[in-house]
């Protein structure tokens, strides 16, 4: 059946900002879909609020709307296209995660799709409802001959209590229509039931929750299926969770294909999955079904289904080489599976199910260290911020590779000291699921626990425990062997052990370098295998490789020779984490595509299954490998061999993937690997405070006073000389890890005690903290001679809030022409002083007309995608070309950069773009169930970002808030409680809110000051003050929890009562999903946003249209 001829214009909805539970896997799927639809001659409109995505680059759609993903904004897009005589025929919402699906459902139910004649494709409304609505899905499972957990959908707390009495405790609480398990959990007591179900009823857009029997401890499996309009169904992949039920699948280590299912169990699961898919009615696309198996009696139940492309779909795509999103998009426009050719083989159709001759392991990356006080227990609510994936010829090889891919402080077994305690302590820790469980499993086995005892304590299947036990046995052999011979070393490498791990067991080999030289001497190198979807039955056309150490010394590598073009290796950024996310992947993808077009063979090395960079057709070759020195060096050697007799490897790019590749630059250069762009010595110069300070002094550029300390006494002396407040931090960090603003000696002592353990080989830096300064961020290019300013951003929050968490505006809103010229001159001096070839990011603080240099990073920054979208200049592409020898003058002549001028001075008619950070506070709870503090500081906490772009600052800021957190209130009550130093600055914004008709609530001191300034307000007492006669009966926290407050303005100060009170206020706001503003500047911006919303003139415009207005570079 050829594609439908009645479809001409398709609207694709993306997934918005990166949040826990919904990450860049949807950029990967959306990018594939847009490419496919346009290749089929269809017109594509795209709505996505996330500027860091590849899919929002103007070349992927005809009309790219970087707008909030809400029903109201999407309706404006549909209406605008209809008004222009360019009617949208269909809406594809199955590739943008839960956000897109919920938006599509709302548009259908409100009649918008019917009004404009837009058809839902991929999955129709009924299929979405049947798959997502818990009760309807349960009925379908029964009809298909399957079984669900005993459960009931409840709409009120009374129904919840009645159901719990019937099922008995513990129970699982699950809201409908949410993603990443948000609001779900296992309740062991009636108090926990009340708390979770109450929160669940609030979290679910349909205001109902499912209460089900607990199947905690059962084995969990997933099937990834696809179905076409002719009822052909393929099972793309089976996935097994190593962690048992009770841990969200996104937080579990997972394996593909499933390892512990019998053939009979698998066939039963497969038959049931296909029957459910048909009953639900997903007739043109992909879906994911989760199952649980009772390990004691084999009882199989169906947990849930996602009638859309999901996180697991991205994993299954990368694991098998079967491009699920791409095929889903083709199925949605009418093709059948037998008509679609498998890209990887070039000859088999998509109705051939993938076959794997390797094992894939995915492991989650957490960030609990960023949220002090958060409960680290793993539950049914997802908490991981990223993931890594690896491929190997056996389970333990893939496991070893994925553990070192995570880049945590422990790079695999035996690379860090064991925790205190013996077997019993390890087994006790295993009973509560937490990050790093694999280490406790290995430790318990090594200390003598049996496989059965460890399986009983952890709930992990004995097969996986036995595999880790084999590693423990191998460790004993490695330690005991008199000499490490070729056979034993080869077995160790075949079992996934790194040189670093082997070196930790054999001290006489003098570290990792000693193991490497022994390996080289014995001729032990990895071979590179190919992901081909068919277990080598057909030849692969796409070079997608993974390494393996074969036991047979004669095993051959599958990397084909390529001698025509010079090669460039691009090192990706590894698993997403706070501080290093999709923004860096964006730059890597741009480098791959632009250098390929410029005549280079591009080679991508990365291990993140969610990203566009690890798509098999982004670079000319892909290596799915850990980003460690050992693994990258082996890839380099493989590429040198494959290019032997040709131009060879021109160099390795380390400055686009964030701190991970930068950290490898020196060791790679020392090993003879050519690094292109800014040399490693220059990177060091920018990181070394002494050398960088000298550079600034020579250029006459002021910087905040600072000192370097290795002891508390030194830090105290420096702080006294500089004057409090001071900013303290370890050196060499990304995302402000371990940074704090310290107001007194007592807090300083506490910090030094904690932070010096964080990076023992580097001292602590103590800087003067510039209060009330305006922070400025600059992205620039330098070719060694000329400097091109990409964009100058003004932060909305004051200096002291991490740049990744601060909202910022481009072009700057309050900076004058002379300020901008100061910034330009300083940036030029720094670029030349460091010796930058490529991108440079500099952060400044402007205070009392003095421009202070805070830091400079000679690499791609996380703002590069935002600046590129806002200015229409592809900075990452330009950077890649400059690193490989192009000049800025040459790129101007080619039209890649503006012919004259640069991004320092925006055109008069340029729109204002606002970037806002998206923070995951609502995902975390303290152990007692309380919310964690939403206070911002110098340590980065955001997981993603959105962009609002419009004619004026107020409208752009309002859009950014709507996209990140939901609309700012247009009326209602605002609660104000601020530190004394902020009271004067807040008079004007609060007065404006009162004039707009808002009721103002305030605590006693703030209320008194507001009334003195003619602002009517009502008093509430502070949370820690007791209720007394003559005082307000309601506290601020009571008012927020009672739903009487629509917005909170709360600025904190110090560590005493007000600080604690502030924590309670902000936590209550987070729990109630109420806008909570913690800075004066944020309050002023919010007022402008509210005014823009009340005026009602916030429209939508595509990037293509905006870029024409800017007069930007059209590509």
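Using N, Cα and C of the backbone, Cβ positions are placed for all residues, glycine too.
The structure displayed is predicted, hence computed values, not measured ones.
Annotated ATP 1 binding site per Swiss-Prot: 134, 174, 180, 181, 213, 215, 220, 246, 247, 248, 290, 304, in sequence order, evidence recorded as sequence analysis. According to its DSSP assignment, residue 290 (ATP 1 binding site) is in a strand. Taking the Cβ of residue 290 (ATP 1 binding site) as reference, residues of its chain lying under 8 Å away and at least six apart in sequence are, in sequence order, 220, 221, 222, 249, 302, 303, 304, 305.
According to DSSP, residue 304 (Mn(2+) 1 binding site) sits within a strand segment. Swiss-Prot lists 290, 304 with the feature Mn(2+) 1 binding site, giving sequence analysis as the kind of evidence.
Annotation comment: Swiss-Prot describes 290, 304 as Mg(2+) 1 binding site.
Among the features that Swiss-Prot reports, Mn(2+) 2 binding site is placed at 304, 306, with the record citing sequence analysis. Using a 10 Å Cβ-Cβ cutoff, residue 304 (Mn(2+) 1 binding site) registers 18 neighbours.
What Swiss-Prot lists as Mg(2+) 2 binding site is 304, 306.
Long-range neighbours of residue 843 (ATP 2 binding site) (same chain, six or more residues apart, CB within less than 8 Å of its CB): 775, 776, 777, 778, 803, 853, 854, 855, 856. Residues annotated as ATP 2 binding site in Swiss-Prot, with sequence analysis given as evidence: 729, 768, 770, 775, 800, 801, 802, 803, 843, 855.
Positions annotated as Mn(2+) 3 binding site by Swiss-Prot, on the basis of sequence analysis: 843, 855. In this structure, residue 843 (ATP 2 binding site) is part of a beta strand by DSSP.
If you look up Swiss-Prot, you'll see 843, 855 marked as Mg(2+) 3 binding site, on the strength of sequence analysis. Under the three-state DSSP scheme, residue 855 (Mn(2+) 3 binding site) falls in the strand class.
Among the features that Swiss-Prot reports, Mn(2+) 4 binding site is placed at 855, 857, with the record citing sequence analysis. All chains included, 15 other C-beta atoms sit within 10 angstroms of the C-beta of residue 855 (Mn(2+) 3 binding site).
In this view, residue 857 (Mn(2+) 4 binding site) is surrounded by 22 other Cβ atoms within 10 Å of its Cβ, with every protein chain counted. Swiss-Prot lists 855, 857 with the feature Mg(2+) 4 binding site, giving sequence analysis as the kind of evidence.
The domain 'ATP-grasp 2' annotation in Swiss-Prot covers 693-884.
For the domain 'MGS-like' (966-1113), the model's average pLDDT works out to 84. Under the heading domain 'MGS-like', Swiss-Prot lists 966-1113, citing sequence analysis as support.
Per Swiss-Prot, region 'Carbamoyl phosphate synthetic domain' is recorded for 560-965.
In this structure, the binding-site residues 247, 770 were compared by how many other Cβ atoms lie within 10 Å of their Cβ, and the smallest count belongs to 770. Its Cβ placed at the centre, residue 213 (ATP 1 binding site) has 16 other Cβ atoms within 10 Å.
The C-beta environment of residue 134 (ATP 1 binding site), restricted to residues of the same chain at least 6 apart in sequence and closer than 8 Å, consists of 151, 153, 174, 176, 208, 210, 304. The two recorded residues, residue 213 (ATP 1 binding site) and residue 770 (ATP 2 binding site), have Cα atoms 55 Å apart.
Shown in sequence order, 131, 287, 288, 312 are the residues of the chain, 6+ apart in sequence, with a C-beta less than 8 angstroms from the C-beta of residue 306 (Mn(2+) 2 binding site). Across the structure, residue 729 (ATP 2 binding site) and residue 857 (Mn(2+) 4 binding site) place their CA atoms 16 angstrom apart. Across the domain 'MGS-like' (966-1113), DSSP classifies residues as 70 helix, 19 strand, 59 coil.
In this structure the alpha carbons, written CA, of residue 247 (ATP 1 binding site) and residue 802 (ATP 2 binding site) are 32 Å apart. In this view, residue 729 (ATP 2 binding site) is surrounded by 21 other Cβ atoms within 10 Å of its Cβ, with every protein chain counted.
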